[in-house]
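K.L.:
Got a structure here, written out as structure tokens. Questions coming.
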Amino acid sequence: MALVSMKEMLKKAKAGHYAVGQFNLNNLQWAQAILQAAEEEQAPVIVAASDRLVDFLGGFQTITSMVNSLLIEMKITVPVALHLDHGMTIDRCKQAIDAGFTSVMIDGSHSPIEDNIAMTKEVVAYAQPRNVSVEAEVGTVGGMEDGLIGGVKYADLDECVRVVEEANIDALAAALGSVHGPYQGEPKLGFEEMKVISERTGVPLVLHGGSGIPDYQIRKAILLGHAKINVNTECLQAWAHAVRTILTNDQDIYDYRAITTPGTEAIVETVKTKMREFQTSGKAKERV
């Protein structure tokens, strides 16, 4: 099955009160694990590459070729979107689109709102004629991800409305208390703000920093308009724990596949668990 935009995918998720998981890839095995989990769960999925890891992964063309090849080799039948996570510049988003990414996030959240809107509008103008979906962010998701460190800044309602109406985006990441990386204590999401932003904007919301959030908060966030939830830290932790256990228990092991296969298997199980938590399992039948 060919890669798809996440636009219709998220519309259906929002209407059906479930969320599509975004899972970041870190190499070939991660892509295989994410796609395997999606196929086994019959769940639509968003495979993402963080802009800060694109060069590490070999570049935009390499990532697109890898994922497209895996769709064929693994006989994937579920809807899959390839997404640029936290696109740093307009040009980087355009490069991703030209390489075959079917969705991009332009992260102008660290800029004044006027600049954020201007950047987002330019990306949307380039993306929409090419059937590529666009996500934008308002406010700042705290924590650390791929070397980026930041504090939490709640999304402003008026700014959210402006970005949606003026830039015509497909999905909005409104920062409402979630963080990238491990949480210190239980997360406290801004549900009251979430409800108002969802009602005023009408677009599918995106929850960044979805790792480690209790199930009851995830469910509430979905009911209040979140149709996309990003997960990376839990997969990283599961992979690291599995590989660390192998290396600790067998000091003489050196075969790469023997060392890393348990890590890949741990990612598969983590992704499947999150898909069930997000109520996405079985939703691939609702074709996009």
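Just so you know, glycine gets a Cβ as well, placed from its N, Cα and C.
From Swiss-Prot, here are the annotated features:
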{"type": "ACT_SITE", "residues": "ASP85", "note": "active site, proton donor"}
{"type": "BINDING", "residues": "HIS86, HIS180, HIS208", "note": "Zn(2+) binding site"}
{"type": "BINDING", "residues": "GLY181, GLY209, GLY210, SER211, ASN230, VAL231, ASN232, THR233", "note": "dihydroxyacetone phosphate binding site"}
{"type": "MOD_RES", "residues": "THR233", "note": "phosphothreonine"}
K.L.:
Do you know offhand how many angstrom separate HIS86 (Zn(2+) binding site) and THR233 (dihydroxyacetone phosphate binding site) by C-alpha?
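P.N.:
Spelling it out, the Cα of HIS86 (Zn(2+) binding site) and the Cα of THR233 (dihydroxyacetone phosphate binding site) are 15 Å apart.
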K.L.:
SER211 (dihydroxyacetone phosphate binding site) has how many other Cβ neighbours within 10 Å of its own Cβ?
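P.N.:
SER211 (dihydroxyacetone phosphate binding site) is surrounded by 24 other Cβ atoms within 10 Å.
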K.L.:
At the level of the C-alpha atoms, what whole-angstrom distance separates the residue listed as 'active site, proton donor' and HIS208 (Zn(2+) binding site)?
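P.N.:
So the alpha carbons of the residue listed as 'active site, proton donor' and HIS208 (Zn(2+) binding site) sit roughly 10 Å from each other.
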K.L.:
Please identify, from the binding-site residues HIS86, HIS208, the residue with the sparsest Cβ neighbourhood, meaning fewest other Cβ atoms within 10 angstroms.
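P.N.:
Candidates: the binding-site residues HIS86, HIS208. Fewest Cβ atoms within 10 Å: HIS86.
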K.L.:
Taking the Cβ of ASN230 (dihydroxyacetone phosphate binding site) as centre, how many other Cβ atoms lie within 10 Å?
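P.N.:
Neighbour count, Cβ to Cβ under the 10 Å cut-off: 27.
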K.L.:
Return the count of C-beta atoms lying within 10 angstroms of the C-beta of ASN232 (dihydroxyacetone phosphate binding site), excluding that atom itself.
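P.N.:
Other Cβ atoms within 10 Å of ASN232 (dihydroxyacetone phosphate binding site): 24.
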K.L.:
For ASN232 (dihydroxyacetone phosphate binding site), name the DSSP secondary structure in the helix/strand/coil scheme.
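P.N.:
Where ASN232 (dihydroxyacetone phosphate binding site) sits, the three-state DSSP reduction gives coil.
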K.L.:
If I restrict to non-local contacts, at least six residues apart, and a C-beta distance under 8 angstroms, what lies near VAL231 (dihydroxyacetone phosphate binding site) in its own chain?
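P.N.:
Same-chain residues close to VAL231 (dihydroxyacetone phosphate binding site) (Cβ under 8 Å, separated by 6 or more) are GLY21, GLN22, PHE23, ASN24, GLY210, SER211, THR270, VAL271, LYS274.
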K.L.:
Could you round the CA separation between ASN232 (dihydroxyacetone phosphate binding site) and HIS208 (Zn(2+) binding site) to a whole angstrom and send it over?
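P.N.:
Answer for this pair: 10 Å between alpha carbons.
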